[in-house]
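Encoded as structure tokens, the structure appears first; notes follow it.
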Amino acid sequence: MREIVHLQIGQCGNQIGAKFWEVISDEHGIDIAGNYCGNASLQLERINVYFNEAYSHKYVPRSILVDLEPGTMDSVRSSKIGPLFRPDNFIHGNSGAGNNWAKGHYTEGAELIENVMDVVRNECESCDCLQGFQLIHSLGGGTGSGMGTLLINKIREEYPDRIMNTFSVVPSPKVSDTVVEPYNAILSIHQLIENTDETFCIDNEALYDICFRTLKLTNPTYGDLNHLVSLTMSGVTTSLRFPGQLNADLRKLAVNMVPFPRLHFFMPGFAPLTARGSQQYRALSVPELTQQMFDARNMMAACDPRRGRYLTVACIFRGRMSTREVDEQLLSVQTKNSSYFVEWIPNNVKVAVCDIPPRGLKMAATFIGNNTAIQELFIRVSEQFSAMFRRKAFLHWYTGEGMDEMEFSEAEGNTNDLVSEYQQYQDATADVEEYEEAEASPEKET
């Protein structure tokens, strides 16, 4: 089977990760002791993608939990889903990274990284045919961002031909935990541009907006936000976990979604959006799902897709529905809104249909868009970064761990280059003559 090794790192990564395992073990009929108690053969058909089958039909998540302080790990271990995980796969330091990227990447994290790599190797050895890794982390703290990117680099060195997929929680201006978030985020983005194949950008601000506007929650907790993220993650990984009519693995997803290697930052979306514990009263039709799924308010990244253009899109529909109807709906979205899709990539919307809906819903749809508007997210963080970096504010915390100012300038430059690349492809047209003229008369440099 094509296995995926799952890594969750830092406080945010572990909290979302625990929720993710709760959702998918439920979908596959695995109870908290790791025993199968479902009733559909489809649940077991591709269970090996995320679970190891241990002795006497016990299923154990192929998951590695990492943090630089014991707190979050202890709460995951003692939560109701704790017994499901393999005890050896909990790896933690005791010092913490103190929201400092340099501690996670160069000092504290670097001391722990070999222990993590041993567990990674161990997990990879028990795979028949490893397809890749997925890592959940946030970019605003110290461990998820600093040590997370260090781990990505190490895995890249050792398994260069395997897909590296990340779910990265990007800091947002309205919901800030620490002042140095922009530093940590830009230093991480610099690494993600070079070393990952696919990055799903999840944004706390967008999640809060969904909770306030759509779900009408007055004071949303991190639990509510994590619920939304786990819905999306479960949706994105559906076609990897269940047999369906158009099955994707991580590599096929990357081939369909990434037209240029650096432009691999996706906006996820989900429909229908429901609050935790609430049931949906009526089933949505395929046209309603499609319309909601492309709606800016359903996006998990705080960018407006209408201000950019889609390079590529992947949609995953779940539930019993007619594939033909799904195809017709998506075709109509493309023809009615053709200006929002770049014309130089024909057929840039791909669809997968899986018969098993998520718990509590008859039908659902997950959206993955590679839209040039994602640059708004990078511009936002980059502006905050520059404001502090120009005054060298808080820099001593980083240089004290052995970092150099050059690294900051380099990361900022790389992020700004990424923004220009997105802008360039947003403005690009399919006119061949125009392109040839530009080639023929190179502009004179002033």
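Glycine too: its Cβ is placed from the backbone N, Cα and C atoms.
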What range among 139-166, 419-446 does Swiss-Prot record as region 'Disordered'?
419-446
Of the ranges 1-4, 189-192, 329-332, 373-376, which one does Swiss-Prot flag as motif 'MREI motif'?
1-4
According to Swiss-Prot, GLU69, SER138, GLY142, THR143, GLY144, ASN204, ASN226 bind GTP; so which of GLN11, GLN291, GLN292 is the extra one listed there?
GLN11
Express the predicted model's confidence over the motif 'MREI motif' (1-4) as a mean pLDDT, rounded to an integer.
82
So if I draw a 10 Å sphere around the Cβ of GLN11 (GTP binding site), how many other Cβ atoms end up inside it?
24
